[in-house]
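**Q** Sharing the feature lines straight out of Swiss-Prot:
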BINDING   ARG40, ARG46  NADP(+) binding site
BINDING   ARG134, ALA135, SER136, GLN255, ALA256, GLY299, LYS314, PRO315, ILE316, ALA317, THR318, ARG340  FMN binding site
Amino acid sequence: MLRWLTAGESHGPELIAVLEGLPAGVPVSPDAIRADLARRKLGYGRGSRMKFEQDALEVSGGVRHGLSLGSPVALRIGNSEWPKWVDLMSPEPIAAEKLAGARGAPLTRPRPGHADLAGMQKYGFDEARPVLERASARETAARVALGAVARSFLGELGITLVSHTLSIGPVRVPEDAVWPTPADVAALDADPLRCFDRATSARMVAEVDAAHKDGDTLGGVIEVLAYGLPPGLGSYVHWDRRLDAQLAAALMGIQAIKGVEVGDGFLTATRRGSEAHDELVAEDGAIVRQSGRAGGTEGGMSTGGVLRVRAGMKPIATVPRALRTIDVATSEAAPAHHQRSDVCAVPAAGVVAEAMVALVLANAVLEKFGGDSIGETARNLRGYLDAISQNLATERVSAPYA
């Protein structure tokens with residue numbers, strides 16, 4: 001079983017991430033993790049923080065000479081901006097005069113759409129700073145780092161992932177657009193909005209420009225695809241063991257995500273049954289699904305087809321034009337607190353979603369096949385696939401459906 005935890009605040013000295021349960025012998029490359037951390041900063045419409053904030057990665061446990069040891073993997077991501085926040089975020093008590101000034105002023109105007117007000121109510125804070133520091137999407141850097149390790153584990157078993165942007169605001173790729181594959185990651189990362197359709201990407205850029213001009217923000221939809229999965233990950237026997245339920249929970253746990261669908265999801269709900277499911281045919285001695293409408297899961301289990309999950313991100317709640325709120329120190333109406341923010345962070349959300357899907361799939365693989373070393377896990381996987389009787393055999397799909 002794979003377990004992961006993160007710790008740290010947005011403007012604290014560092015983020016800490018721990019991954020427990022990873023088998024020994026998995027390649028763990030600090031450079032590969034840094035590359036994913038850089039991908040998390042991609043996207044047209046990002047704020048100034050992405051330009052000056054550096055992620056100083058350090059692998060502090062669980063890895064020796066580039067390979068996992070089977071013990072917990074510990075990662076640290078230093079915050080290059082920490083010197084500016086030493087007093088405000090100090091773990092030690094600080095004299096009031098050291099907190100004087102704009103940066104140290106209490107944040108008593110909770111921002112609509114953020115965790116501010118509910119967090120203040122829940123934890124008994126009289127200002128929003130303690131809430132927003134942990135609720136911030138900065139925390140996702142730690143999960144992206146862990147996801148890079150999980151993806152390396154999956155890659156050793158022939159499982160690969162890719163994410164891309166389906167929509168920004170009202171601008172959406174056509175429903176019949178070609179699915180990207182992991183071979184397209186470089187091209188996607190080079191696109192301003194990580195969109196696989198160039199014409200749609202250009203219209204997305206224009207939409208971001210318009211929102212920026214209006215002092216507004218945008219959300220959108222991203223999609224993660226996983227290729228090469230074996231059938232049978234997850235289970236139908238209990239609700240919490242269903243793979244699609246675990247994926248939905250992981251994606252909903254990403255900041256600003258408000259909806260998740262698997263495969264064609266809500267579109268499937270508009271179809272008749274004769275047009276909603278993936279028919280089975282025999283080809284070259286194997287059972288083949290003619291389409292991928294279900295998104296690679298049936299009955300809470302992977303089918304061996306392409307896994308396809310989507311997540312809808314709401315527009316960023318820190319709106320430059322400032323939404324209305326109440327100053328809880330005076331009980332009077334006031335504009336919400338505004339700090340530098342993005343116009344659109346949907347492309348980055350795709351990278352975070354990719355990491356979360358990788359972690360969930362890695363856990364599902366270990367739950368099914370176990371193994372204290374990557375070699376043992378791989379042997380168990382091969383033995384399982386070999387044991388499936390010939391009349392039930394399906395192919396592990398490593399390319400989009402025709």
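For all residues, glycine too, the Cβ spot is worked out from N, Cα and C.
Each of the listed features needs to be described in terms of its position in the shown structure.
**A** Counting every protein chain shown, the Cβ of ARG46 (NADP(+) binding site) has 18 other Cβ atoms within 10 Å.
Sequence-distant neighbours of ALA256 (FMN binding site) (same chain, six or more apart, CB under 8 Å from its CB) are ALA137, GLY219, MET313, LYS314, ILE316, ALA317, ALA345, ALA349, listed in sequence order.
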**Q** Under 8 Å Cβ-Cβ from SER136 (FMN binding site), six or more apart in the same chain: what's there?
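**A** SER136 (FMN binding site) has long-range Cβ partners GLU9, SER10, GLN255.
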**Q** Measuring Cα to Cα, how many angstrom lie between THR318 (FMN binding site) and ARG46 (NADP(+) binding site)?
**A** 13
**Q** Using DSSP reduced to three states, classify ARG46 (NADP(+) binding site) as helix, strand or coil.
**A** coil
**Q** Within 10 Å of the Cβ of ARG40 (NADP(+) binding site), how many other Cβ atoms can be counted across all chains shown?
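**A** Within a 10 Å radius of the Cβ of ARG40 (NADP(+) binding site) lie 25 other Cβ atoms.
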**Q** Where does THR318 (FMN binding site) sit by DSSP, helix, strand or coil?
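**A** Coil, per DSSP.
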**Q** Measure from the CA atom of ARG46 (NADP(+) binding site) to the CA atom of ARG134 (FMN binding site) and give the result in Å, rounded to a whole number.
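**A** Spelling it out, the Cα of ARG134 (FMN binding site) and the Cα of ARG46 (NADP(+) binding site) are 20 Å apart.
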